[in-house]
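Trainee: Sequence annotations record features per position, and here Swiss-Prot assigns active site, charge relay system to LYS206, SER282 based on similarity to another entry. Feature annotation from Swiss-Prot assigns active site, acyl-ester intermediate to SER306. Here Swiss-Prot flags GLY303, GLY304, GLY305, SER306 as substrate binding site.
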Amino acid sequence: MGKPPRAMTPVEEVDLSAVRYQSPSLQAPHLTGFSLRAFVWLMESPLFGRLLTSVLKSQNNITRMLQDTVIPERPMYLPEYPPQEPEQGVLLLGDDRDPVDRVEEALHCLPPYDPSLRWPAGDKPPFLYWKIRDFAHAYRSGITTPSVVAEHIIAGVEEWSNKKPPMPMLVYFNADDLRKQAEASTKRFQQGNPISILDGIFIAIKDDIDCFPYPSKGATTFFDKIRSVEKDAVCVARLRKCGVLFIGKANMHELGLGVTGNNPNYGTARNPHSIDRYTGGSSSGPAALVSSGLCSAAIGTDGGGSVRIPSSLCGIIGLKTTYGRTDMTGALCDCGTVEVASPLAASVEDALLVYSAIAGSRPMDKLTLRPSPLCVPNLVSPDNNNILGSVKIGKYTEWFHDVSDRDISNTCEDALNLLCSSFGCQIEEIILPELEEMRTAHVVSIGTESFCDLNPHYRAGKRTEFTLDTRTSLALFGSFTSTDYVASQRIRRRIMYYHNEAFKKVDVIATPTTGITAPEIPQSSLKLGESNYVVSAYLMRFVIAGNLLGLPAITVPVGHDKQGLPIGLQLIGRPWGEASLLRVASAIEELCLKKRKRPSAFHDILNA
């Protein structure tokens with residue numbers, strides 16, 4: 001007789017005091033160049049592929065977790081949230097209201113704009129990113145126009161595209177179209193009729209979100225030939241209605257199936273803080289564009305940290321919204337269970353304004369997910385500091401410090417301590433069991449859903465047109481079985497229970513955003529790509545709950561490591577708790593403002 005299967009304790013009976021944190025130990029080869037090509041041939045081979053994927057899954061406990069374990073919980077195929085208490089000190093925006101009206105309402109939640117603080121006379125001020133309200137002030141006061149700023153952007157894009165090495169932030173850029181958009185905005189200002197505070201604001205769109213008339217390729221070489229773009233994605237249409245100007249389609253890790261940003265098709269986006277290092281991904285181009293100063297904000301997608309990871313590595317803000325808070329209609333992946341469209345921005349204030357414009361659930365999500373009312377924090381409320389002082393921050397210390405270099409966790413801890421000493425917040429120790437099971441369930445969930453979307457094209461002869469690292473991922477994803485998928489959804493229910501229990505004690509959960517700072521780009525990866533699951537696991541270590549459970553999360557820059565590379569602190573919130581995250585993130589941003597550094601590759605488009 002065989003050995004009886006492992007059985008997990010029912011989730012309600014798990015003794016948290018007996019839980020011991022185990023640092024993950026991922027086993028997979030690091031491959032570039034010819035070795036990557038050979039590995040892909042083996043993975044796709046009918047003779048060797050099944051054996052190789054079986055070994056990889058066995059070595060990384062995937063088979064044991066999903067095939068050899070009895071999991072007593074029911075599957076959770078979509079995030080399921082209990083009713084949430086109303087957030088304090090917020091302004092309701094209304095899910096179905098016009099985005100222009102919502103942005104106008106959100107504007108009243110921000111401190112009054114003082115040009116003297118943003119445009120000081122005399123000595124050169126410390127480095128600050130220009131904010132959306134700085135551009136609005138410059139346009140309204142006649143300092144500059146959207147057309148002038150557009151020319152600075154065009155010059156910056158051309159300059160960095162011709163650098164050695166080049167910095168390919170965009171996969172589609174049309175200077176004439178940008179000039180046309182800017183001219184229309186300039187006329188509105190000349191006539192005294194700007195549409196909103198976002199009129200004339202330049203924003204980039206990740207290449208897996210439709211922005212008419214540009215194609216959506218997902219940074220492949222072929223997707224625009226099999227899928228046409230007839231109109232804007234919903235989130236883009238909402239921004240366009242506010243007067244936003246779109247600078248083009250931003251580079252990304254091909255089809256979002258990686259978190260470094262490597263892309264041999266269009267060139268790998270480079271980190272503005274150190275051009276020999278990755279931006280992180282998959283929203284690599286959006287992060288590089290915002291970090292380098294070429295736009296105030298960008299829209300990316302986040303299915304496995306793809307907004308938060310590059311935002312952290314590039315030293316900017318990345319907000320991942322609750323699953324179902326933003327309408328994914330018009331994105332290449334608009335029917336998965338882990339992905340959302342969300343903003344990257346130079347400041348929390350700008351993230352708040354862009355979020356106010358794009359938020360709003362689609363009708364089906366309103367029926368199934370029952371989102372809490374859409375709101376933003378009232379940062380000028382007399383109670384704002386008191387609300388901040390009442391915040392309880394959850395911290396799983398052993399997990400928090402499981403990073404490649406203690407510079408990362410110590411810097412994040414310093415930011416939390418500064419927040420607590422400034423406002424009176426409390427840090428509470430929490431325990432989150434089964435983090436490795438969570439990682440496995442996420443890999444199987446996003447992998448199976450991606451493979452389901454791409455397999456028809458794969459089988460129709462497009463296999464060799466994918467990059468090698470995408471083909472590696474698809475070969476692994478295609479080996480997952482229905483049993484693996486259902487078992488992963490059972491794990492999803494367990495992990496949701498643990499987080500719901502933690503949120504009975506705390507308001508937000510704090511972690512470093514990534515387990516490493518920006519990794520170096522191997523020269524050998526530029527032509528054929530790279531497969532490095534160990535580095536990817538470090539980058540994704542803390543972000544997965546946001547996707548598997550659909551929870552909102554935000555990353556805020558809080559300092560740099562010894563090499564001068566940005567470090568991000570992540571805050572994970574309750575379902576639909578974006579307002580609370582934005583409030584706490586705004587306070588942390590202000591406390592750490594002097595620690596931000598001008599990227600070595602930076603273009604001042606407002607004061608060029």
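Cβ atoms here come from the backbone N, Cα and C positions, even for glycine.
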Trainee: Excluding GLY303, GLY304, GLY305, SER306, please set out which residues of the same chain place their CB within 8 Å of the center of the CB atoms of the substrate site, keeping sequence order.
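Mentor: Sorted by sequence, the hits are GLY256, VAL259, SER282, THR301, ASP302, VAL307, ARG308, ILE309, VAL338, GLU339, ILE446, MET540, VAL543, ASN547.
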Trainee: If you measure GLY305 (substrate binding site) to SER282 (active site, charge relay system) at Cα, how many Å is it?
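Mentor: So the alpha carbons of GLY305 (substrate binding site) and SER282 (active site, charge relay system) sit roughly 8 Å from each other.
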Trainee: At a 10 Å cut-off from the C-beta of GLY304 (substrate binding site), count the other C-beta atoms across all protein chains.
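Mentor: Within a 10 Å radius of the Cβ of GLY304 (substrate binding site) lie 27 other Cβ atoms.
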Trainee: Rounded to the nearest Å, what's the C-alpha distance separating GLY303 (substrate binding site) and LYS206 (active site, charge relay system)? Just drop the number here, would you?
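Mentor: Cα to Cα, GLY303 (substrate binding site) and LYS206 (active site, charge relay system) are separated by 13 Å.
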Trainee: Take the C-alpha atoms of GLY304 (substrate binding site) and SER282 (active site, charge relay system) and report the distance between them in angstrom, rounded.
Mentor: 9
Trainee: Might you list, by sequence position, any residue in that chain lying six or more from LYS206 (active site, charge relay system) with a Cβ less than 8 Å away from its Cβ?
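Mentor: Residues satisfying the criterion: LYS249, ALA250, MET252, SER283, GLY285, PRO286, ALA298, ILE299, GLY300, THR301.
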Trainee: At the level of the C-alpha atoms, what whole-angstrom distance separates the residue listed as 'active site, acyl-ester intermediate' and SER282 (active site, charge relay system)?
Mentor: 5
Trainee: Fewest other Cβ atoms within 10 Å: which of the binding-site residues GLY303, GLY305 wins that one? Let me know.
Mentor: GLY303
